[in-house]
Amino acid sequence: SIAGLNIFRVVLAGVAVSLSFLVILLAMYTSIIERTREIGILKALGGSKFYIVLTIMQESMLLSLLGVIGGYGLGRFSAAMLVAAYPTLMIQFSYPWTLAASALGMLGGILGSFYPAILAAGQDPVRALRDE
């Protein structure tokens, strides 16, 4: 029964990570679509593909870091509220698991923004300025 619960927990975590990855990908893609004109101007002024990808990836890393920090804080706060409401409940935060979850969150943010960054860098500046 415990083994089945552990398998369920791993599957649930995998589904959560997959959904998080898709949400990040769609959010970054939407952000790129909304900023087509700005990216076109940047390319018209001589911005290289590498620079555009780097800029978008840096933005994604910053947002991922803020999400990891916010998620950790929210998790700690939620744990404190649960322990206050149910004093017999024991919630432990393990440093290795916290570090692994943080790294996974950062990795998801980076991977989720890579494809939209490549699309943005490949835009034709004339078309981006004309279509917007």
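Keep in mind that glycine also has a Cβ here, set from the backbone N, Cα and C atoms.
TrEMBL entries are annotated by machine, without manual review.
As given in TrEMBL:
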- 11-125: domain 'ABC3 transporter permease C-terminal' (DOMAIN)
- 6-29: transmembrane segment (TRANSMEM)
- 50-75: transmembrane segment (TRANSMEM)
- 95-120: transmembrane segment (TRANSMEM)
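In the predicted model, the domain 'ABC3 transporter permease C-terminal' (11-125) has a mean pLDDT of 89. In terms of DSSP secondary structure, the domain 'ABC3 transporter permease C-terminal' (11-125) contains 98 helix, 0 strand, 17 coil.
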